[in-house]
Amino acid sequence: MISFPPNSPSPTPAAKLPRHHHDHNKNSNRHVPKAISISSPPPTITTTTTNHETTPLDQNDDAVAAFWDYQFLFISQRKETTQPITLLPVNGAVPPDFPKGTYYLAGPGLFSDDHGSTVHPLDGHGYLKSFHVAAAGEGNKEVQFMAKYVRTEAQMEEHEPETDTWRFTHRGPFSLLKGGRRVGNTKVMKNVANTSVLKWGRRLFCLWEGGDPYQIDHRSLDTVGRFGLIDDGGGGGEKKEKESHDAGGGGVDLWDVAAGVFRMPPKRLLSHYKLDTKRDRLLTLSCNAEDMLMPRNNFTFYEYDSNFKLLQKQEFEIPDRLMIHDWAFTDTHYILFGNRIKIDVLGAIQAVCGLSPMISTLSVDPPSSSTSPIYLLPRFPENDDGGRDWRVPVEAPAPMWLLHVGNAFQTVDESGNAEIRVHAATCSYQWFNFTKLFGYNWRSGKLDPSAMNFAKESEYELLPHLVEVTINLHAADSGSTCDVAPLNQWNKATDFPIINPAFSGDRHRYVYAAACSGSRPTLPHFPFDTVVKMDVEEGSVATWTAPRRTFIGEPIFVPKREEDDGYLLVVEYAVAIQKCYLVILDPKRIGEGDDAIAARLEVPRELNFPLGFHGFWAPDDDDDL
């Protein structure tokens, strides 16, 4: 393992980022993109190339090169678009049979303000990108790109549009700010709407983990406003009032202070949702804000039709302190993997005093045994045979922290017993650390890639990896058995599993995910550079890897007909030349090298954006025409 020093080599004044050439907004030449911890790269990193070729530095993959490559994966982008920009292909062309629609990608856009403060990537303001595939005449297709900030209450408070300057006033749960009042500062939680994106019922939303989603105009990407999906019992609707934390000062509820949930709504909507394509339903999940302090959790599941009519709402109280980020569903159950947390007393004291981020209040709580709880909650209680108590978890024979779910489905085994299978990305409790996610060091305000790469390949089970969890339910004795196995014996660091969305909640054959090839000794496990395709019926694995010194984010499947008939979309982050590319892959040709590439399209350099989180493919409908 390479240890990256917190103080990397200082850049020289002669090393400058490229200047802007396109006037996409009125302040186009006022600011250049900046990474979290730097203002300009060292001279050895600024070599440029054409046609996506590798640079001479690729031959010298040392710790310094890896450190700076990692910094440029999180480069701030202040520029926005006012009109769609047609992306030019550098390889191939958009296939004529590519469906018309839009790929939306959520993620943070800004990490450094103009007053010396930096924030964790998870606290960066939401910066929504859209790639619209449209007809271009004579049977051809083109991709039109747009990018804008989500105008949340916190974003409008922290950004001065006339001068295009920023001053962070909200820490966010993972960050500290330079200067300002720390003790008693209630401006901590800010809804940055940066985690996931969803188009449902002809409405486009950006979601975050601790507040209402924001509705976005799907054509212009302008922010409409907060959308109260759960606060009125499920009817949904735009919220006109400001968030309470914007009122400033006010009285401080010590209960909220200790929990680190300043002015959060009583029920916080999670950023991960599910789509039941068979029933044409949107499924969402919320939990109570105060549960972080209590030895129990209250979860509420909601199911909506395409007009946002609430079809059902179910609440469950689980006698366990859990941190749920993603979850699963089948025709019969909601499925929660029990990521256990605990209150860190010292961390809580430091956080309340403004000496550490609010996330320091919590830490993971490794199970004392070699098992992990999985809660199977009845989705339709009227159909439940009452055979088992849902309050009693199924014990999975592995201490695992769930990261993301690809899919879950239910079958019947040879003995006629109901069997649930879940394909998901998990890691160990030892690897997962609230205060080291993405390698952000809140003391220095810098990124340390070694924090994400500390495990050896031989310690595969510590790293993010794909598993198949099989739960066999025995109605006769109300018991269950559970098995956990590496998915297709794949042993590389892997996350963001996805499937063809048409098979959500149903039996599927193919799983796609982002993985790390391990080709760079200094960045062996993260960031990801490979798309992996798994055939779970045959047990086969095929991969496609991006060019050297290029990283990727979450892949997205664009369906056509059969399960693997369609296209994969993935964004390449060519950090060495500070460019982003939209890559269209043929899923049937994954494993055939660059023959899998149908097209690679270049985002203008001045609109190069940082690593995104979660995306969504929305086919065109009548409202888009």
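Backbone N, Cα and C define each Cβ position, glycine as well.
Among the features that TrEMBL reports, Fe cation binding site is placed at His245, His325, His404, His614. The compositional bias 'Pro residues' annotation in TrEMBL covers 1-12. The feature compositional bias 'Basic residues' is assigned by TrEMBL to 17-33. Marked as region 'Disordered' by TrEMBL: 1-57.
The 10 Å shell around the Cβ of His614 (Fe cation binding site) contains 23 further Cβ atoms across the protein chains shown. Residues near His404 (Fe cation binding site) in space but far in sequence (CB under 8 A, at least 6 apart, same chain), listed by position: His272, His325, Asp326, Ala424, Ala425, Asp495, Phe496, Pro497. Around the Cβ of His325 (Fe cation binding site), a 10 Å sphere holds 16 further Cβ atoms from the protein chains shown.
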